[in-house]
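What TrEMBL annotates here:
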{"type": "TRANSMEM", "residues": "12-31", "note": "transmembrane segment"}
{"type": "TRANSMEM", "residues": "61-81", "note": "transmembrane segment"}
{"type": "TRANSMEM", "residues": "93-111", "note": "transmembrane segment"}
{"type": "TRANSMEM", "residues": "146-164", "note": "transmembrane segment"}
{"type": "TRANSMEM", "residues": "185-204", "note": "transmembrane segment"}
{"type": "TRANSMEM", "residues": "216-237", "note": "transmembrane segment"}
{"type": "TRANSMEM", "residues": "263-284", "note": "transmembrane segment"}
{"type": "TRANSMEM", "residues": "299-318", "note": "transmembrane segment"}
{"type": "TRANSMEM", "residues": "330-347", "note": "transmembrane segment"}
{"type": "TRANSMEM", "residues": "353-376", "note": "transmembrane segment"}
{"type": "TRANSMEM", "residues": "388-411", "note": "transmembrane segment"}
{"type": "TRANSMEM", "residues": "417-437", "note": "transmembrane segment"}
Amino acid sequence: MGVVIESSVWELNPSIFLFLSVCCCFSIFLYPHLSNLNLNRTSTIFEHGVSSSFTRFQRNFLFIYSIASVVEGLWSVFGEFELASYGIGREEMILSLCYGYTTALFAAPFLGMLSDLIGHKKVCLIYCILHFFVGVWKKITQQPSIFMTSIFLSMANTIFSFSFETWMVTQHEKQGHRLDSLNDTYWLMTFFESACFIASQMFANGLIGNSMVKNTAPSSAVIFLAIICFIFLTRGWTETPGATSFKEYSLSFYAYIFGDKRMWLLTLAQACLHFSIGILWILWAPTVVADGREVQLGLIYPCFLGSRMLGSTLFPCLTSGPSSFRIEDCLIYAYITLAALLLIVAYDYQEIGVLVTLFSLFHACVGFILPSLARLRTMHVPNELRGGMMGLSLAPANAAILLSVVQGGYYRNVGNAALMAFGVFGLLLAAGCMHALKQCGKQPYHNWHKQ
């Protein structure tokens with residue numbers, strides 16, 4: 001007589017998706033009121049009213065950024081499934097991660113400085129070309145090289161992480177729009193990026209279906225969207241690269257970035273955040289399924305991104321209006337909250353419902369921190385050096401993630417709980433950096449950029 005083993009399945013409550021959808025829609029309807037509140041608060045410093053030219057500028061940029069986000073999200077969703085469909089095992093997947101993070105380690109500072117020198121729009125066009133090339137290569141090759149694919153996609157992801165923001169900021173300043181209106185664009189970037197990642201997951205699942213023959217469908221979609229993004233970028237705002245030579249740029253970078261304590265603190269805080277996010281995205285799936293129950297990970301992924309969307313809406317609530325808080329104070333508490341959430345997970349608590357809740361709260365805090373750091377960059381970093389500074393902050397984070405993948409994933413010398421504990425230490429270090437940055441500023445809200 002055979003023994004029947006019943007498998008236990010953990011399912012996410014469908015009402016969670018309804019709750020997140022309602023909250024996200026409510027935040028969009030609430031956005032104009034928060035924006036007006038912010039404008040009223042700063043009306044004595046900046047010019048009055050919101051011009052139609054700024055509204056048009058913001059909408060055009062968010063449209064282009066949304067297309068780029070969908071392209072980025074398609075590969076992140078389809079990548080692991082594609083490797084598994086080719087019969088690639090665990091070690092090859094870890095090697096793919098190593099190739100990617102090694103490329104990002106060296107490419108991030110170079111691409112950041114290159115964007116400052118030749119123009120951010122040109123680097124954004126390179127982003128589209130890289131995705132187009134990878135899409136064509138995967139479409140015509142049955143099993144493309146993991147090494148080359150990881151390199152190109154890693155470079156594209158690195159460009160996506162800073163070039164679109166720096167391009168928007170420089171164009172915003174060039175067109176003479178209100179400086180404080182950047183705050184609204186920052187949180188909307190995080191909001192739309194997360195929403196587009198959810199849409200890209202739905203899009204990829206619809207293209208793939210249940211047939212392995214449809215594996216080339218996402219590649220065709222990426223090719224099409226990359227062309228569309230390239231066209232809108234070329235038809236967008238004209239960009240005149242600065243006449244600064246590499247020698248002058250190097251001297252300025254050394255003086256303003258390496259020679260300023262505030263830049264070191266801000267760079268370290270950004271690097272610690274990127275490291276903790278990278279560790280979480282690598283380990284969240286193994287952590288959730290560690291107790292042996294069957295889990296539909298594809299339904300948990302949108303929950304995380306929806307939480308990040310809601311977290312981004314906290315940014316205008318806490319930083320606008322008469323009861324606004326200082327941005328450094330908010331970041332101190334946000335980093336400490338992230339560290340506390342990750343610390344609970346590091347203790348190997350295996351109740352799936354609790355883990356999903358902790359990960360969702362983690363992403364909600366990340367959704368608030370991302371636009372907050374963008375605002376600090378506007379306050380402290382010269383626009384002419386912004387790309388280089390952001391690229392520089394990615395280098396130590398990529399190096400730490402690479403070391404974690406090699407030691408924890410390949411050689412298995414370090415456990416998952418220890419890797420998350422390192423993330424906790426980094427987040428607490430970032431909170432200390434924010435406290436030190438607060439102490440450095442004699443004029444908390446002074447901005448050396450042109451008002």
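Positions of Cβ are set from backbone N, Cα and C atoms, glycine also.
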Task: Residues from the same chain, set at least six apart from the ends of the transmembrane segment (146-164), whose C-beta lies under 8 A from its own - done: 64-65, 68-69, 72, 75, 79, 83, 88, 92, 95-97, 99-101, 103-104, 107-108, 111-112, 115, 120, 123-124, 126-127, 130-131, 133-134, 137-138, 189, 386-387, 390-391, 394
- [ ] Counting only CB pairs under 8 A, let me know which of 185-204, 330-347, 353-376, 388-411 has the most with the transmembrane segment (417-437).
- [x] 330-347
- [ ] Find the member of 12-31, 61-81, 263-284, 299-318 that has more C-beta pairs under 8 Å to the transmembrane segment (185-204) than any other listed stretch.
- [x] 61-81
Task: Sequence-remote partners of the transmembrane segment (263-284) [C-beta within less than 8 Å, at least six residues beyond its ends] - done: 97, 256-257, 304, 331, 335, 338, 342, 359, 362, 366, 369, 373, 376-377, 380-381, 389-390, 392-398, 400-401, 404-405, 409, 416, 419-420, 422-424, 426-427, 429-430, 433-434, 436-437, 440
TODO: Using a Cβ distance cut-off of under 8 Å, indicate which of 12-31, 61-81, 299-318, 388-411 has the most pairs with the transmembrane segment (216-237).
DONE: 61-81
Open item on the list: How about long-range neighbours of the transmembrane segment (12-31): same chain, 6 or more residues beyond its ends, C-beta under 8 Å?
Closed with: 184, 188, 191, 195, 296, 299-300, 302-303, 306-307, 309-310, 313, 316, 356
Open item on the list: Can you tell me which parts of the same chain pack against the transmembrane segment (388-411), counting only residues 6+ beyond its ends and a CB-CB cutoff under 8 A?
Closed with: 91, 94-95, 97-98, 101-102, 104-106, 108-113, 115-116, 158, 161-162, 165-166, 249, 253, 257, 263, 266-268, 270-275, 278-279, 282, 377, 381, 418-419, 422, 426
Open item on the list: Quick test of the contact rule: Cβ under 8 Å, at least six residues beyond the ends. What residues does that give for the transmembrane segment (353-376)?
Closed with: 10, 12, 165, 182-183, 186-187, 189-191, 194, 266, 269-270, 273, 277, 280, 284, 287-288, 300, 303-305, 307-315, 318-319, 327-328, 330-331, 334-335, 337-338, 341-342, 344-345, 437
